[in-house]
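Database features, via TrEMBL:
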- 1-28: signal peptide (SIGNAL)
- 38-353: domain 'Glycoside hydrolase 35 catalytic' (DOMAIN)
- Glu185: active site, proton donor (ACT_SITE)
- Glu263: active site, nucleophile (ACT_SITE)
- 400-512: domain 'Beta-galactosidase 1-like first all-beta' (DOMAIN)
- 566-595: domain 'Beta-galactosidase galactose-binding' (DOMAIN)
Amino acid sequence: MAPKKLSCLHSLLLPLLTILLPQADTRSFVVDRDHDRFLLDGDPFRYVSGSLHYFRVPRVLWADRLLKMRWSGLNAIQFYVPWNYHEPQPGVYNFNGSRNLIAFLNEAALANLLVILRPGPYICAEWEMGGLPSWLLRKPEIHLRTSDPDFLAAVDSWFKVLLPKIYPWLYHNGGNIISIQVENEYGSYGACDSSYMRHLAGLFRALLGEKILLFTTDGPEGLQCGSLQGLYTTVDFGPADNMTKIFTLLRKYEPHGPLVNSEYYTGWLDYWGQNHSTRSVSAITKGLENMLELGASVNTYMFHGGTNFGYWNGADKKGRFLPITTSYDYDAPISEAGDPTPKLFALRNVISKFQEVPLGPLPPPSPKMMLGPLTLHLVGHLLAFLDLLCPHGPINSILPMTFEAVKQDHGFMLYRTYLTHTIFEPTPFWVPNNGVHDRAYVMVDGVFQGVLERNMRDKLFLMGKLGSKLDILLENMGRLSFGSNSSDFKGLLEPPILGHTVLTQWMMFPLKIDNLVKWWFPLQLLKRPHPQAPSGPTFYSKTFPIVIANGGGLGSREDTILPPKIWINGFNLGRYWTTRGPQQTLYVPRFLLFPKGALNKITLLELENVPLQPQVQFLDKPILNSTLHGLRIDSLSADTLSASEPMELSGH
Ligand SMILES: CCCC/N=C1\SC[C@@H]2[C@H](O)[C@H](O)[C@@H](O)CN12
C-alpha cells in the first residue's frame, strides 16, 4: 500500500504490510479471457463486493462500517466519488474531514478490503444532481454528459485534480484500487454520445496509465449505448431480474472474461410520500448464490446506505418530481444507523460457501438513546432574520431569477415583490409551466397564505392591498439525479401571475440558513418573535444536556433517532416531511451530541403549520416506513413526532 499520510499505528503496520504484500512491481489485477475470470497477482480471483458511500457516513464511523463489511465476508468495496461534494465552486476543492477520500481509501486498506472506484463524472446514486455540480448550470445552455465543450472543459479540470490523487492507490502501484468505472449507466441517459465516452476513456488512460482495469456498468437495456471498446462491460440487475437472460445478453459484449454484476440490488431507494422500499432476504440470497455458482464477481448495492445529510439528496421524475428521502437506509444489510440486519448474516452465510469469511464476533449494534420529549421555544419568524440570512442584500430583477443565476446552489431563496394594486377578492395566483422548482411558501405582509408545489399544487387564491408585500420562500428539494435531463434548474422558472397581472420587479434574497444556525443563533441571544401568532416559516430551538441513565453514571453518548428535521449543534441532519413520510425519524450519530457538562442545541425550522411549541423526542429505533398520506399530525403519539412540515438545512 502507498498511503500518503498514516497515523502512528498505521506507520507501524506499514512495514509489516510491505513484507506481507507483494511488491508494487509484481502486483497485478487483470482479466483472464482464456478462463473467464480475474487474476490477482496471477492467481484466480473473484470479488464479492459491497457498496457504501463515504459521503453518506461521517468519517468517525467509516472504520466501524468497513469492519462490519469485511466481517460479512466481502473482499472488496465499491464507491462513487461525487464531483459536487469535492468541488463546491469552480476551482475550489475540498478533500478534508468527511471528504477526505484518501483517508477513506486508507481505512479500506486497513480493513483488508480492495476497492472498485466509480469517479463518474456522473454517478446517479440518488445524490444531488447525480454528483454533477450545480454551478455547471450557470451556463444554462450546457448539455450535460455529452461532448459539449463547456462540459468537457469542466470535467477535464476536475479529473486533472482527482485522478492524480488516486494514482498511487491503484493496485499495481501498491494501493487497493483494482478497477475504475467510466461514467455511470450512460446507456440509460439517451444522449448516446460515443465521442464523450471516448474522451473520458482517453482522459482516464492519460492520467491513470494503461494497467488499471477500466469498466462500464449499465442495465441490460443500456448496454448498447453505455459500453465502449476497450472498457470492460459489466451489468447491473436485482434479485427479481432474469440472471440467465441478462448474463446471456452481456456475453454479446464480453464473450470472454468474468461475468460481473456491478450493482446487485439488496434493497431500494425511498421517495417522500411513497412506501418504504424493501427486498426479501430469501430472494437476495438465492440470486447471489446463483451468480457465485456461475463464478461471477458481484457487487451488492447497497451493503450500507447511510444518510443524505444536509441538502445532498437527489430526485427522480416518474410522471412527477420525486425527491429522495434523507434516509438512504436502502433496506441494506447494514442499517442506516450502522447495525447488522438479518440480511447481513444471510449474505455472509452464502458467501461462506464460496470463500473464507473472517471468524470472530461481529461488533454489536451501537447503543441507542431515548430522551425527551423536549419542548422547543419559538425563536422567531424567518423574515425577522432576513438581515442575517442575506447580509449582502437582495438582487433586483424585472423577472425572477433562478437559484443557479444568483449562484445559490442549495436550500432556500426568498422572492419578494409589492402589489401594484389592491386585490379585493380572492384571486388566482400561480406560476405558469409548472414553474415552481420545487416548493413555494407564500406570504402576504408576513402572513402565511399556503404552498405551491411542483407537479402537486399549482394555484392559490390571494388578496392584498396596493403596496402589500408578497413574499415567496422557495425551497430547492434536490436536483434530478437520474433521467435524460439533469439540468434541473431551481427557483421560480417563470414570473408568477396574480389574476391577469404578470408580476414583475422582483427582489431575490439567497438565504444562508446554515450560517444563521451555526454562527448567529448561538451568539444572538435575542429572540425576534412574530408580531402575531406563528405563521409560516418559523425557527424554534432548545438547549439541553445529555443525561444517560446507563449504569447509573453518564454513559457514553449513544446514537439516537430524532423525529422532525433539525439541526443538532449546527450540523444539518437533512430534510424531513412528517405529512408525507415514509420517513418519520432522522438518524443522529452519537458524535454530534455533547456529553454532560455541555449543552446541546436543537434548532428547527417549520415552514407551514407552525405549532406554538413543537416537541421532539430522541428515539432508540428508526421509523422509516410510515406513509401518512394526509393523516393529521396530532393524531400521532407524542413520542414519535409533533413537528409539522419540516425543513431545510444546508450541507455539512
Ligand atoms: C429503473 C431506473 C434505474 C436507475 N438506476 C438506478 S436506481 C438505484 C441505482 C443507483 O441510482 C445507482 O447509482 C445507479 O447506477 C443504478 N441505479
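Placement of Cβ uses the backbone N, Cα and C atoms for every residue, glycine included.
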Averaged across the domain 'Beta-galactosidase 1-like first all-beta' (400-512), what pLDDT does the model get? Just tell me the whole number, please.
96
Using DSSP, what is the helix/strand/coil residue split across the domain 'Beta-galactosidase 1-like first all-beta' (400-512)?
0 helix, 56 strand, 57 coil
Measure from the CA atom of Glu263 (active site, nucleophile) to the CA atom of the residue listed as 'active site, proton donor' and give the result in Å, rounded to a whole number.
11
Would you count the other CB atoms within 10 A of the CB of Glu185 (active site, proton donor), including those on all shown protein chains?
23
Provide the three-state secondary structure of the residue listed as 'active site, nucleophile' computed with DSSP.
strand
Long-range neighbours only, meaning 6 or more apart in sequence with Cβ under 8 Å: which ones does Glu263 (active site, nucleophile) have?
Ser51, Thr217, Asp236, Phe237, Asn299, Tyr301
